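Visitor: Structure in structure tokens, see below.
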Amino acid sequence: MIELIAILIIGIAVSKELLLIILWLTNFKIHNIEPKNYPMADILIAARNEEANIATCLDSLLALDYPKEKLTIWVGDDASKDNTWGIIEKYSAVHSNIKGVQITTNITKGNGKANVLAQLAQKSNSNWIFITDADIRVPRQWLQAMLAAAKTEQAALVTGTSLVIGDAWLAKFQRLDWLYATAMLKIVSDLGIPVTTMGNNMAISRKVYNEVGGFESLPFSVTEDLELFKAVKNKHKTINLWSPKVLNKSAPQPTLLELLKQRKRWMRGAFELPFQLLGLLILEAVYLPTIIILIAINPIMGILFWVLKWLLKYTFEVICAKKIDEKVSLFDSFVSEWYSVLFSLASVLYYLWPGKVYWKGRKY
């Protein structure tokens, strides 16, 4: 009986991988990302304890292929304990379109990041607001490509593509994890099911941002980007882009503990996702212990099922990466598949363990 149940669950998981490949190849929506004009734009960044990353982020923003006189970069320092503010001050002193703001008050019901973004949005005044993180590097075409897609599709909110970079094994695992998860977001978005956005790679119309009341009107959440998305999606069009021109690259979580803290925060928001995507995430979580059980009961069948699913998943990773000019190592994918077994178990235990959500030294 246990073996039959395990085979059923694994069969569904294998079918899911095949379905993802089919949908990617047959229903991938290509959006026009060639700019026709360059309107005024504001970029908002919430920074807290980011002295290791903020300079790289600002350098990439200054290198954007966009008229400097039409772009303002707002950086809010959220009571950093390190030299983040000192670095912001140096950049703002040299570059007139970088505006540093020290955040000392709270105007939102949300977390610290939502509070920073809300205050920066109040200071900005362009028709389009872009949001990214202080540990992100953006491509030169990021701004114009996101705007072009928004204009062409008449979308109120646009989400780009984000990947973790780094040579350490933990960084490689995060990269593949992000690749798989964000590709699924693209698939369900192209099916007409708006799911969520990426807080490190998004653009929103100011008119719509003001219409929903901004971050200051949203309920408390440790996933402020999801709350904003939920307020927008019911009345306005949203799209997800998948292109090297909108591929933001993120610094990895440096340690396993920091990664677990990040995932606990994300898992809080995951339970608010539409059932279609939540079901896929639950299936993936259930598959891992199930395949181990089947291998223990019937080693040959279990290993064959595992190899089949992994090969389908690897194929999906490869074709997704190719569209953003990235590559996926066979070895990294193989090792990551087993590493994810241990990490998924650790994530569930850490999530269930009594305690608050941590973000940049704060508890929620």
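Here the Cβ of each residue, glycine as well, is placed from N, Cα and C on the backbone.
Feature table excerpt (TrEMBL):
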TRANSMEM  6-26  transmembrane segment
DOMAIN    43-212  domain 'Glycosyltransferase 2-like'
TRANSMEM  273-306  transmembrane segment
TRANSMEM  338-359  transmembrane segment
Visitor: Could you give the residue numbers and ranges of same-chain residues that sit at least 6 residues beyond the transmembrane segment (273-306) on either side and whose C-beta is under 8 angstroms from one of its C-beta atoms?
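Guide: Same-chain contacts beyond the ends: 2-3, 6-7, 9-14, 16, 184-185, 188, 193, 195-196, 226, 340-341, 344-345, 348.
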Visitor: Can you tell me the mean pLDDT for the domain 'Glycosyltransferase 2-like' (43-212)?
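Guide: PLDDT averaged over the stretch: 95.
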